[in-house]
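In TrEMBL this protein carries:
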type	residues	note
DOMAIN	45-168	domain 'Heparan-alpha-glucosaminide N-acetyltransferase catalytic'
TRANSMEM	83-104	transmembrane segment
TRANSMEM	116-135	transmembrane segment
TRANSMEM	155-173	transmembrane segment
TRANSMEM	193-212	transmembrane segment
TRANSMEM	300-321	transmembrane segment
TRANSMEM	333-351	transmembrane segment
TRANSMEM	363-382	transmembrane segment
TRANSMEM	402-422	transmembrane segment
């Protein structure tokens, strides 16, 4: 492995040669946005971060489009993980890595805080618009949403919350900038408050998940023919991690309101709720009462652990900032990544099964460790050995990750194609290209 030295002084993964002056532009976390200054001659981006984001976007598109045909790569109905369950933590990890550069300089903490709040607010409102129900479905050309039933949380909203909390940690919870980082001990000392924040979040999540009493609850559903059904879910338990009686869902129902949660939860594909499990299908005759209840996979309590994933990415970004040699970086990434994987699989082995919907500890450790190893592998191939040309499409996708997410994952592109038609709705652009009826 090459031991060439590269000094990092820039933002958003940009690497500068020794002696160059830093000009930090505003960076939209996870968007891959690049300013004119970043494109200036003599400056080189950390290509591996863009490639990491690009591969994650490509993986997202694959599992969304193919997951319905191949359930084994689609989201796990409840316990366990599949390929699709690694996508979102990888996004959060990349946001954390980017934040290590975006807030490397903190001469004015108040100004940096205002910028972080503004960026997070814009991202949250974008998510609310795209995922709250304002835009029509592909085969429904209506527009608008009943505010009393709008979905309040979602993927972009969770990224916004994670971004804001981790950005504030980077701005306010770190040691002084004086002195260099020469060992693992000194970097831990410098960022110990951030690590304590992560431990506090994990402890809070665990105590609430396993310690909070979940009472019986009830809800109503309305079928397409306007028939209303009333269900009573019997719980009266503490520490339960099944779909119907966990503290994650209870908090969302109590704080957000059940009418503001996601109405097509992944547990509809479990054997309890689908005769075609692990695919979607009709309810069994003895389906539990909770099967048709809303449940938000991006809810409030589980977002605590999403923040931890982002914090893990932040610490990996710190390694790039403070350690200049490739060998140093690879070692300081590999050890914690492997440790996280070992810890996560151990918890899973002893009964804390990985679960994306709950975003529990074992899931956080395994996906965070996998993201760290995957990022280190891409860095080795791309930034150390220089295999850049074969992955140019992934690099481009990584630079435009947010735009691609909005157009593809949020169905904006299909909606635009379906929404433009000649005289009758089914005579749309989709029909012109052979994709619509």
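Placement of Cβ uses the backbone N, Cα and C atoms for every residue, glycine included.
Residues of the domain 'Heparan-alpha-glucosaminide N-acetyltransferase catalytic' (45-168) grouped by DSSP class, helix first, strand second and coil last, total 83 helix, 3 strand, 38 coil. It is 155-173 that, among the stretches 116-135, 155-173, 333-351, forms the most Cβ pairs under 8 Å with the transmembrane segment (83-104).
Ranked by number of Cβ pairs under 8 Å to the transmembrane segment (333-351), the listed stretches 155-173, 193-212, 300-321, 363-382, 402-422 are led by 363-382. Tertiary neighbourhood of the transmembrane segment (116-135): same-chain residues 26, 28-29, 103, 143-146, 149-152, 154-157, 159-161, 163-164, 167-168, 171, 406, 410-412, 415, selected by CB-CB distance under 8 Å and a gap of 6+ residues from either end. Model confidence over the domain 'Heparan-alpha-glucosaminide N-acetyltransferase catalytic' (45-168) stands at 88, taken as the mean pLDDT rounded to a whole number. Residues 169-170, 173-174, 238-239, 241, 246-248, 250-251, 301-302, 304-305, 307-308, 311-312, 314-315, 358, 360-361, 364 of the same chain lie 6 or more positions beyond the ends of the transmembrane segment (193-212) yet place their CB under 8 Å from a CB of it. Sequence-distant contacts of the transmembrane segment (300-321), counting only residues of its own chain at least 6 positions beyond either end whose CB sits under 8 Å from a CB of the stretch, comprise 8, 13, 46, 88-89, 92-101, 104, 153, 158, 161-163, 165-166, 169-170, 187, 191, 194-195, 197-198, 201-202, 204-205, 208-209, 247-248, 251-252, 255-256, 328-329, 332-333, 336, 340, 357-361, 363-364, 367-368, 371-372, 375. Through the fold, the transmembrane segment (363-382) approaches residues 1, 46-49, 51-52, 55, 81, 85-86, 89-90, 93, 97, 202, 305, 308-309, 312-313, 316, 326, 329-330, 333-334, 336-345, 347-348, 354-356, 388, 391 of its own chain, all at least 6 residues removed from its boundaries and within a Cβ separation under 8 Å.
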